[in-house]
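> Got a structure here, written out as structure tokens. Questions coming.
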Amino acid sequence: MSLSNHYCELLKQCGDTKKVHCNIIKAFRKPETFMLNNLVNAYAKLGSITYACRVFEQMPQRNLYSWNTLLSSYSKLGRLPQMKRVFDAMPTRDMISWNSLISGYAGRGFLVQSVKAYNMMLSDGSYNLNRIALSSMLILASNQNCVHLGRQIHGHVVKFGFQSYVFVGSPLVDMYSKTGLIFCARQVFYEMPEKNVVMYNTLIAGLMRSGRIEDTRQLFYEMRVKDSITWTAMIAGFTQNGFDIEAIDLFREMRLENLEMDQYTFGSVLTACGGLTALLEGKQVHAYIIKTDYQDNIFVGSALVDMYCKCKSIKSAESVFGKMTCKNVVSWTAMLVGYGQNSYSEEAVKIFCDMQKYGIEPDDFTLGSVISSCANLASLEEGAQFHGRALVSGLLSFITVSNALVTLYGKCGSIEDSHRLFSEMIFVDKVSWTALVSGYAQFGKANETIRLFESMLTQGFKPDKVTFIGVLSACSRAGLVEKGNQIFESMIKEHMIVPIQDHYTCMIDLFGRAGMLEEARNFINKMPFRPDAIGWASLLSSCRFYRNMEIGKWAAESLLKLEPHNTASYILLSSIYAAKGKWEEVAILRKGMRDKGLRKEPGCSWIKYKNQVHIFSADDRSNPFSDQIYSELEKLNYKMVREGYVPDVGSVLHDVEDSEKIKMLNHHSEKLAIAFGLIFIPPGLPIRVVKNLRVCGDCHNATKYISKITQREILVRDAARFHLFKDGTCSCGDFW
């Protein structure tokens with residue numbers, strides 16, 4: 001072997017190109033062009049384009065290979081202006097030169113420049129056309145969803161005799177399938193005289209993308225030779241089309257075949273496990289991941305976190321997340337979304353802050369998810385801060401972030417801000433409309449909710465199940481029985497939506513609130529399934545309000561059969577008995593609760609002031625400002641009575657004197673929180689209180705009087721809805 005060839009081999013094998021370069025300078029006074037071409041190529045492959053360019057410029061003699069080497073380097077690195085300058089300076093060009101120019105533009109998605117370069121190549125001579133140039137243009141047409149360009153290139157494929165080339169056939173099949181022309185893709189596939197596994201895999205992916213499951217199955221089992229990509233494409237396709245069981249079964253078959261799996265295989269099957277909440281199968285896949293040493297793969301680790309979160313196994317998700325040696329925005333987002341989906345909203349906000357400490361920039365999905373967690377916490381202050389972050393980062397233009405903000409302001413009681421944000425959105429979708437409709441519905445603003453719903457339909461947006469829950473609940477709170485019935489019927493007959501439990505619960509609530517308890521019972525008896533606990537509790541609550549013993553007892557017994565340890569049935573039925581003075585029955589129910597070890601969930605209310613949450617329970621004196629709070633309540637009670645307030649002693653489930661009942665009512669948790677707000681929240685700002693249970697009837701009535709006497713806006717979010725108290729009225733009307 002000559003010395004020149006020796007150094008050329010060293011350049012191919014040795015990673016230290018600079019050291020070899022030094023030795024070449026020492027060994028040769030005038031290195032051959034062949035050797036210098038190899039040196040340019042070695043630097044280019046390492047990404048050291050500056051050194052490659054310097055060697056090229058110092059070459060005493062350059063040939064076409066020298067120019068193509070530098071041109072190809074600029075093309076692969078995406079340095080397009082430099083690529084164009086080199087191309088224009090070339091004394092001669094061949095098909096490799098044109099390929100580099102076209103693939104450089106096409107690889108970066110520059111459609112106009114790619115087409116221009118392609119046409120220049122044809123003008124220079126059709127002999128320049130080759131399978132690489134055609135493939136590059138087809139991939140560009142596919143990525144840009146430009147079927148017109150793809151068809152033109154297909155015409156050239158046929159015209160210049162490339163239709164039998166598999167290298168061209170695969171991107172042609174891919175182009176047609178990605179642009180939605182799956183029949184054209186199949187025609188190209190079956191017209192090919194020879195097919196390799198790549199072509200089969202391309203068509204499988206295209207058929208799955210089009211949802212043609214049976215056709216894909218048939219093609220898969222027709223294949224004589226399958227590789228790991230074939231199996232992975234099938235598993236991923238099943239998962240994307242909701243065939244999670246089939247995806248897991250095929251994964252098992254793939255294991256039996258002893259085929260090598262990659263991050264995409266594991267990611268797809270873990271998505272299937274999460275979709276089925278199949279924790280056992282997910283753990284089995286996790287074990288196999290450890291066995292195949294993929295646990296440190298960032299893509300697989302993120303998929304594991306997501307799977308465990310969807311399977312409600314937060315501790316396992318935290319364990320996987322904590323052990324990940326490398327995390328990216330997808331990993332952090334998977335954990336954050338998992339917290340949010342499992343009602344760990346505070347942890348979701350905290351992990352977002354941790355992510356920022358590690359210097360990971362959130363994307364639109366991450367920011368949208370943390371804003372949703374703030375909405376679930378009714379934490380307007382933190383949510384507003386993330387709104388500011390969205391403005392500064394430019395992520396507000398993403399619909400995921402805007403929709404989350406519309407939901408946030410709606411859930412935090414700022415429905416005007418929610419509507420303003422919606423109006424400012426450049427692009428809205430079904431989720432945007434549903435968020436706004438649901439926001440108004442939570443406020444009990446039935447007329448506005450229905451108007452928005454009708455506007456949504458007029459503008460061509462198709463409502464979904466969640467939209468109808470919002471509209472039906474608004475009708476329920478406003479007592480619009482006829483309108484609610486019409487909307488329920490249209491949901492089934494016009495929009496072809498099969499009612500779920502939540503829709504039936506809204507209808508039970510609609511009849512119950514209107515006092516149509518017999519109609520509610522008839523409706524339940526005609527349902528395709530029995531109501532859930534929320535449905536029975538809603539009916540029972542209406543029976544308590546209207547003091548209907550017969551239906552109330554039926555609802556309570558049904559609720560107890562469904563959930564023997566649900567205290568709502570005991571408490572609401574006790575309330576009905578107590579209102580009728582049947583204290584013996586109340587005592588029997590209480591004894592039943594004690595015997596079963598059941599305790600009523602203690603009510604508590606909280607209010608935020610200067611970034612600190614103040615929590616209150618009934619008769620609570622633990623707050624350092626208790627003396628001021630109780631003094632404020634005494635003053636309010638005196639003024640309220642003068643305005644006509646009468647305490648609802650019937651809501652107290654104790655056989656004691658009325659004077660004692662009044663004392664109990666005066667110190668409910670929400671009243672303590674409101675008194676705190678009146679003392680510390682500056683005038684002109686709304687007082688925002690959150691309660692873990694539903695607001696009781698007496699507190700609801702009392703807060704109306706407080707809002708009138710103090711001329712303050714009081715916003716209470718309880719377990720069911722928002723109550724905006726202003727000038728002696730509530731947004732939800734008299735029946736809360």
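In case you wondered, yes, glycine gets a Cβ from its N, Cα and C as well.
TrEMBL annotations: computationally assigned, not manually curated.
In case it helps, TrEMBL gives these features for our protein:
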REPEAT    63-97  repeat 'PPR'
REPEAT    196-230  repeat 'PPR'
REPEAT    328-362  repeat 'PPR'
REPEAT    429-463  repeat 'PPR'
REPEAT    464-498  repeat 'PPR'
DOMAIN    644-736  domain 'DYW'
> Could you tell me what the rest of the chain brings near the repeat 'PPR' (429-463), counting residues at least six beyond its ends with Cβ under 8 Å?
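Counting only partners 6 or more residues beyond its ends, the repeat 'PPR' (429-463) has Cβ contacts under 8 Å with 399, 402-403, 406-407, 409-411, 413, 415, 418-419, 422, 469-471, 473-475, 477-478, 480, 483, 487, 491, 495, 721-722, 724, 731-733.
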> Sequence-remote contacts (6 or more beyond its ends) of the repeat 'PPR' (464-498), Cβ cut-off under 8 Å?
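Beyond its ends, the repeat 'PPR' (464-498) has Cβ neighbours at 430, 433-434, 437-438, 440-442, 444-447, 449-450, 453, 456, 506-507, 509-511, 513-514, 516, 721, 732-733, 735.
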> Within the repeat 'PPR' (328-362) only, compute the mean pLDDT.
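On average, pLDDT over the repeat 'PPR' (328-362) sits at 92.
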> What does the DSSP secondary structure composition of the repeat 'PPR' (429-463) look like, as residue counts for helix, strand and coil?
26 helix, 0 strand, 9 coil
> What does DSSP give as the helix, strand and coil breakdown of the repeat 'PPR' (328-362)?
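Once the DSSP states are binned, the repeat 'PPR' (328-362) shows 26 helix, 0 strand, 9 coil.
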> By DSSP, how many residues in the repeat 'PPR' (63-97) are helix, how many strand, and how many coil?
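Across the repeat 'PPR' (63-97), DSSP assigns the residues as follows: 27 helix, 0 strand, 8 coil.
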> Using DSSP, how many residues of the repeat 'PPR' (196-230) fall into helix, strand and coil, respectively?
26 helix, 0 strand, 9 coil
> As a quick check of your reading of DSSP, tell me how many residues in the repeat 'PPR' (464-498) are helical, how many are strand and how many are coil.
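The repeat 'PPR' (464-498) comes out at 27 helix, 0 strand, 8 coil.
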